[in-house]
Every structure is written in structure tokens, then in C-alpha cells.
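Undergrad: Per Swiss-Prot, domain 'Topo IIA-type catalytic' is recorded for 31-496, and the stated evidence type is sequence analysis. Residues or ranges marked as site 'Interaction with DNA' by Swiss-Prot: LYS39, HIS75, HIS77, ARG88, LYS94. The feature site 'Transition state stabilizer' is assigned by Swiss-Prot to ARG118. What Swiss-Prot records for TYR119 is active site, O-(5'-phospho-DNA)-tyrosine intermediate.
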Amino acid sequence: MSEIIQDLSLEDVIGDRFGRYSKYIIQERALPDVRDGLKPVQRRILFAMYSSGNTYDKNFRKSAKTVGDVIGQYHPHGDSSVYDAMVRLSQDWKLRHVLIEMHGNNGSIDNDPPAAMRYTEAKLSQLSEELLRDINKETVSFIPNYDDTTLEPMVLPARFPNLLINGSTGISSGYATDIPPHNLAEVIQGTLKYIDQPDITINQLMKYIKGPDFPTGGIIQGIEGIKKAYETGKGKVVVRSRVDEEPLRSGRKQLIVTEIPYEVNKSSLVKRIDELRADKKVDGIVEVRDETDRTGLRIAIELKKDANSESIKNYLYKNSDLQISYNFNMVAISEGRPKLMGLREIIESYLNHQIEVVTNRTRYDLEQAEKRMHIVEGLMKALSILDEVIALIRNSKNKKDAKDNLVAEYDFTEAQAEAIVMLQLYRLTNTDIEALKKEHEELEALIKELRNILDNHEALLAVIKDELNEIKKKFKVDRLSTIEAEISEIKIDKEVMVPSEEVILSLTQHGYIKRTSTRSFNASGVTEIGLKDGDRLLKHESVNTQDTVLVFTNKGRYLFIPVHKLADIRWKELGQHISQIVPIDEDEEVVNVYNEKDFKNEAFYIMATKNGMIKKSSASQFKTTRFNKPLINMKVKDKDELINVVRLESDQLITVLTHKGMSLTYSTNELSDTGLRAAGVKSINLKDEDYVVMTEDVNDSDSIIMVTQRGAMKRIDFNVLQEAKRAQRGITLLKELKKKPHRIVAGAVVKENHTKYIVFSQHHEEYGNIDDVHLSEQYTNGSFIIDTDDFGEVESMILE
């Protein structure tokens, strides 16, 4: 035979083959049929068990036998895939109503593997037989199996809407399905209402089918998500564990979880909660125990004595599978194609299937009844001429001759003649004659009823309704899942996530930051802080791990850093550079740092630039959830930079000090609260080539200390300052010299807690007591404290 060779491109061949493969996967493996809610392997398992008599009213049989039957006759795939599907049909935490009963280890909600199929035994559940009922009455179409040795059903009769009741999940090429299980009684009631009112709306249907009913129970939140899913096939709800509070003898409390979301692995959930406890991501949990036994699921979360149980519960909802989002994606095979279907479409498809099934069954029953009627009429006729019939049979040569004689002599049909010659003598009693008459009457009534069903659509629907009601009455169970209309907002107190602890925060001039335990700080002392050469401590203060640090830079940006996210480093060790926490520019410098507890509206920040701009922004504006990048707090122009930030609880005086010795004092109530991206307004009217060196808050108990580039230090009393209006030039605080004039390089407001100063020159650090610096008059240049000829010009100063 000559070969046929086709010249095809690889792209076409691959595309064609993958298309065929995808079609097979979609239709024959991963997606359920909308009519019976089963995937092919599930259908084959149930049919194989039914065909072999492995039904609910019989003894259990080895699972391996069923797997062998399925593989040998219907499903030529690996035994593990068949056994896995069989096991799932028996798991009451996966299916709302199991379709297979299994003895032995059939896995667990912890995702433990089942015992090998040679150890477990199984049989059909009572409900699954309602899927297969009347399958032998030509109710559904059969097709040849994979090797044409037998037939298998394309779909099961399915006397109840299994797709909705048990749901389905699967992934195929380009398609996925997630249909949740529902309550049997609700689904059947909704179907009955649809039969009575085909134009019923989703809102009306949801009075009966309220929403999913998961086998693991739980609380379903989001009625709008359910409605959207029922309308479109896609929707989203929140599924939350059922958690109750239980007192302990010790005075402590524990949270008891008795129901978890559908498809959640219990052991993984327990492990996750315990990891959150061990990693100190949540404060207040003492112990997590899995106390599940044969009486039911139970997870105990023991809490500390004063723990906020509600906040801990909310934290676990958000950070573990104690609460999940369930996404409806109701895709099923309808008329041979995958289709996204809403609730009405699914019910309509099921009802159309039932109409076809009941019609086929009725035709079959009618045909059988008419055949039996024909036989009964023949027997009755024979009994009416019994003597003649007996004589004819006795005179016949054999069975065939007797049948032929009956047909020829008395006009019996072939079927009637067969029944007559097979009639046993004891059936000729008067009792059996009466029984035939009674059977004839019953058959007449049955045939009339069956013909009425076929001729009358309303009668056919009535049959479907009666059968659905029968199943509802027989298998009705209470709802397990509770439905709540709204999705609860999860509010988590910071105290739950972060243990409250007082620590020492430190920040250096070069941007090294750390938090240190009070024990390490007290053991070392301030002066023993770990620093790089040339670096110095900018600020240190006691803060709480539940606080937030705002680090301000010279580029008008700030870093939002929760204290608990800072590395816990010993006082004597070098801190972590700020750029390792939040990336900043190489030329970006830290100008100040503040600790925020609650970002309350009354507090505000004053931000001042070198070129004399100033702004005021409420503390609440600085709160954010973004920690990974610097955020803008002031729009700073080119060749300008932020020099200081001051946090105030209420309006008060601020003093501005310039390089050329000018000072302006005014109230912050002259500044309006502006957004973080604003550039601000003019603070002081600067002279040419002058710039701001200090902007700080001041009150009548303070003094001002300043140092010039020539090494002179001057301290003035608050009374020297004169309150004025913003944007003025201010007063002069230095005596102007024609030769080598003094220029202020640093200034600070002396508060009650300040006792020492440190002045930094190019080659020297000068330490001194503030009390040793006497108050000066307005128009003086102060006293020299550093010989700049020896140590270079002064650059900066800090107070401690």
C-alpha cells in the first residue's frame, strides 16, 4: 500500500494537535456536565459501581476492584487518578453530600493521603443511586467505550441538581471552574419555583437558594457577590471561620475554631497561626492546639490574660486562612461546549435534562406496559377457551408446532403464543385468573397515565416536581454555612501586631538609625554609642515599638518607618543606614526625626528651608501605609533645601535666625495648614546672599544660643526677641564689623533639658556647659570659644 505523505508546517500541526488535546481535556476530563454535575471519570466510577451491584444496600467491596473495573472498561488512565477521584467522592469535607461511602482511611481535612486502594472498601451512597436511577430504562444516551467492547452513558439521569448541590472545581486548557456546593433542600425548592415560574428573577430565586452551603460550614459574607455570581457566573464572597470565645479556669480566654473555610487545609492553618505567634507577628497568643477528634473539628488558640481577643481574631482573619475569598467561576459543559453560566441557566439546563429523562423513561415504561398488556390479553383469551387450547397443545408435535397452531387456529400473536406455551399449570387456578384481570385493569390505568404524561407537558412537569419533592423529603439536611449580607471590615489594633515595649531610638548625622533595648542603653550610657569616624549623634529618645518614626531629609521628603521594623541593635554597635530601610539619594541628608504615636489632627509640623520658605501641615497627613520609598512633605525649589522640621501640639512663637545675624519671631497661627506637596510661604525677608540657619519654636523661658564661623558663641534671652509678623526682615543680633565680620553658622533654642553644647570646627570638637555661657546684649558678637587659626572655622553645633 502506498504511503500518503503530507507536507505541513510545524505550526499548523502543533496548533491542530493542541486544539484537539484541549478539546479532550475540556470535554472529557476537567469540567463537569451541567446536567448531572459530574466529570467523566466520576460518572464512570459511579456507573461501574452501579453496574457491578456495588450499591448502598449491599456490602462494601474493595476499592481496588472498582478501580480495576473503571480502568478496564471505561477509563484507560492511571489507577491513581481514578482512585483519587473515587476518594474525593467519599470525603464529607469536600462534598456536601457524599456519593460514595468508604470504609478505611479516605484522607482527612489535613490533606493526609488516603490508604492504598487495596485496604479501603466502598459502595455507592443512597443519594448517588438517585443519580443513576432509571438508567436502564433508555433515559440517557449510551456510547461505545474506548475499545468498543461495551457501552457507557454520556450523562446520568440525575434525579437531583447535583452540580449545584455538590459543586465542582477543575482546571483545563483555557478554562477553570469553581462552583460552590449548596444546600439540597434549598436547591430543590428553587428548582421547583423555577418550574412554576420560568421567568423568576435572581432576587426571587435567592429567597429559596440563599447562597452556597459548604460542607465545612463557616460564615459567608457578601450577599452582593452571591447575587452577581448567580446573575453572571462570576462573583466573589468572603468565607470566614466560625470562632467562639471560651473562658479558662486561669482567668485567661481562648478562641475556639469549630468551622473553617471550604478547601482550607486544617493542619496548614494551625501551622500558620502558630508561626505568627512564634515570629511575634501577633502579640497575645500563648499556644495554638489542634484538638480535633471524632466529635468534630476544634482548634484552640489560647490567649494571654489581658489580650484583646477581638483584635487578635481580626488579625488572624487577615493574615491566615481563617478567612479567605471565594471566587465563583461557574463554568460547565453545556451542549458539548464549556459555558459560563448563571444560576437560572444551570437550573434551566438541568430542567431540560429532566424533561428529556422523564420523557424517555415514560416512553420506555409505556412500551413495556403495552407489551405486558398484549401478553395479559392473550393469556386471558387463552383461559377463556382453556380446554381447546390444552387439546391443541397436546396434539402438537413440539413447542414450535404448538405456537404455530395457536397463531393459526386462534389468531394469537407470536408473543402471546410464546407466553401461553410457557404458562405453568398452577397458573390455571381461579386465583390467577382473577389476578390477570386485576393486572389488566392496572395496566389500562398505567398506560392511560403514561400517555397523559407524554401528551401533557404540565403532567410531565408534575412528575418531575413530585420526584424532586420526594428526594427533598428523604435527604433534607440543615444548612451548615451562615450567610451575612455585608463583608465585615477588619480592624486590627496595632497592639495586637506589635508587642508594646519601650526602646531607645537613635539617629546620627550620617543617617545611621537603630532601636536599642533600655537594658543595653542603661548598661552603656549615651557616650558609648557606636559611631563611624566623623559621625555624631543627632538625636536619641525613648519611644515605644508601637510608635512610628518620621525621618525628614534636606530634599523635602520624609521616611515613614514603624519603630518595630527597625533593627534591634545594641547601643555600642553601629546602627543601620537609613538607605538600607528606605532608598534615598546619595546627596540626601537627614535634618530631623520625630516619633509619632497616633497622628492626631491637633499636632502639626513646621518645615523651614534655607532660602526662607516655611509651611505648616497637620500630623494626620503624614500617616501612610507605604514604607518602601520616601514621601514628599514639602516642595523644595532648586538650590534650596530643608534645614529643620519642628513638631508642635498648638500654635506658638517660632524664631528664625539667619547667617548674617538677622532674627525674626512670629506666631505659627500666621501659617495656614497646607498639603504635603505645597511649597509653603515666605518666612523671612532675606538680605542678598543671606540664608536661614535656624528655625525653631521658642517660649518666654527659653534663650537662644548661636555660634559664628570665627568661633564666637553668643547667648541671648527671650526678651531680646521682638514678636513681629511673618515675611519681615527682623532684628539684628550681631555687631557688623568691616573686617572679618561674624557670620552665624549654627543656632539653637535652649530648652530646660539642655545642659551642654558641642561645637564642631574643621579639626576640633569643643564641649561646654550652657550655664557657663553668659547672656549677651543684642548688638554684640559674643565670646570666642575656639581658636580658628588652630582648629579651622566652625561648622555646626548641637545641644544636649
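Here the Cβ of each residue, glycine as well, is placed from N, Cα and C on the backbone.
Help me picture where these features are in the structure shown.
TA: Residues belonging to the domain 'Topo IIA-type catalytic' (31-496) score a mean pLDDT of 93 in the model.
Within 10 Å of the C-beta of LYS39 (site 'Interaction with DNA') we count 20 further C-beta atoms, all protein chains included.
Long-range C-beta contacts of HIS75 (site 'Interaction with DNA'), restricted to its own chain and to partners at least six residues apart, with a cutoff below 8 Å, comprise PRO40, VAL41, ARG44, VAL82.
In the three-state DSSP assignment, the secondary structure recorded for HIS77 (site 'Interaction with DNA') is coil. Within 10 Å of the C-beta of HIS77 (site 'Interaction with DNA') there are 14 other C-beta atoms, taking all protein chains into account.
ARG88 (site 'Interaction with DNA') falls within a helical segment according to DSSP.
Counted within 10 Å of its Cβ, the other Cβ atoms near LYS94 (site 'Interaction with DNA') come to 21, all protein chains included.
Cβ neighbours within 10 Å of ARG118 (site 'Transition state stabilizer'), excluding its own Cβ and spanning all shown chains: 10. Taken residue by residue with DSSP, ARG118 (site 'Transition state stabilizer') is part of neither helix nor strand, so it is coil.
Within 10 Å of the C-beta atom of TYR119 (active site, O-(5'-phospho-DNA)-tyrosine intermediate) sit 13 other C-beta atoms, taking all shown protein chains into account.
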Undergrad: Would you count the other CB atoms within 10 A of the CB of ARG88 (site 'Interaction with DNA'), including those on all shown protein chains?
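TA: Total other Cβ atoms inside 10 Å, all chains included: 18.
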Undergrad: Can you tell me how far the Cα of HIS77 (site 'Interaction with DNA') sits from the Cα of LYS39 (site 'Interaction with DNA'), in Å?
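TA: Counting only the Cα atoms, the answer is 14 Å.
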Undergrad: Between ARG118 (site 'Transition state stabilizer') and LYS94 (site 'Interaction with DNA'), what is the CA-CA distance rounded to a whole number of Å?
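TA: Between the alpha carbons of ARG118 (site 'Transition state stabilizer') and LYS94 (site 'Interaction with DNA') there are 23 Å.
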Undergrad: Could you measure between LYS94 (site 'Interaction with DNA') and ARG88 (site 'Interaction with DNA') for me? Cα positions, answer in whole angstrom.
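TA: If we compare the Cα positions of LYS94 (site 'Interaction with DNA') and ARG88 (site 'Interaction with DNA'), the gap is 7 Å.
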